[in-house]
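Pulled from TrEMBL:
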DOMAIN    13-192  domain 'Guanylate kinase-like'
BINDING   Gly20, Pro21, Thr22, Ala23, Val24, Gly25, Lys26, Gly27  ATP binding site
Amino acid sequence: MSHPAPAGEERPRRLVVLAGPTAVGKGTLSAYVRDHFPEVWLSVSATTRAPRPGEVEGKHYHFVDAAEFARMEQAGELIESAVVHGRNHYGTPRGPVEQALGDHKMALLEIDLQGARQVRESMPEALFVFLAPPSWDELVRRLVGRGTEDEEERTRRLETAKVELAAEDEFDVTIVNDDVRRAAEELVSLMRSH
Ligand code: 5GP
């Protein structure tokens, strides 16, 4: 489902914000875009979460401690920030995004819903894309199947996912993540057309 842009909407929308429920595959999709579409600049978030096996500082995240995250927030270095799943802090560093847009690149932020709402306040010209699961059952299967979180964490993430699914109507466009390659191609062609 794609909502038409408001009449007179001619501003460039080189900044695309991708959000969606927990475990819908935002991370996999953005990794696919990073690996296959080098013309898309991908924001690297700061987080207080510990790295998972295989995650690389500066590529997947900037891993910082709580004090450094608080400093970045207070210094205005983050475009948006949120506590995700009631646990860790995540935020989008401002400088690199401004530089990418200044260089006329297509920029992609993969963030949670709270963060997307903050970006809409400060950068309403961005294009907001909701990544939806093919179905609720599929979302649950992906959430449990990932196996990187314990039971308590899974329950917490499912609760978050229910709330996040209800937010689809706040977005400009929905992409269904039925297949990562297809969804990535749809996302990038959307970016190119804006
Ligand atoms: P994970 O810990 O699994 O990598 O990510 C957990 C959640 O944090 C995902 O929903 C992801 O979209 C979100 N997230 C990652 N980076 C940011 C960010 O910079 N800001 C916000 N608000 N959420 C983020």
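Cβ coordinates come from backbone N, Cα and C, glycine included.
From a predicted model like this one, the values you see are computed outputs, not experimental measurements.
Projection of TrEMBL feature records onto the structure.
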residue : record           : CB count, 10 Å
Gly20   : ATP binding site : 28
Pro21   : ATP binding site : 28
Thr22   : ATP binding site : 26
Ala23   : ATP binding site : 24
Val24   : ATP binding site : 26
Gly25   : ATP binding site : 22
Lys26   : ATP binding site : 18
Gly27   : ATP binding site : 11
Reported mean pLDDT - the domain 'Guanylate kinase-like' (13-192): 92
Close-lying binding-site residues around ligand 1 among Gly20, Pro21, Ala23, Gly25, Lys26, where CB distance stays under 6 Å: Lys26
Collapsed DSSP category at Gly27 (ATP binding site): helix
Gly20, Pro21, Thr22, Ala23, Val24, Gly25, Lys26, Gly27 excluded, remaining Cβ within 8 Å of their centroid (ATP): Leu131, Pro133, Leu139, Arg142, Ala161, Asn177
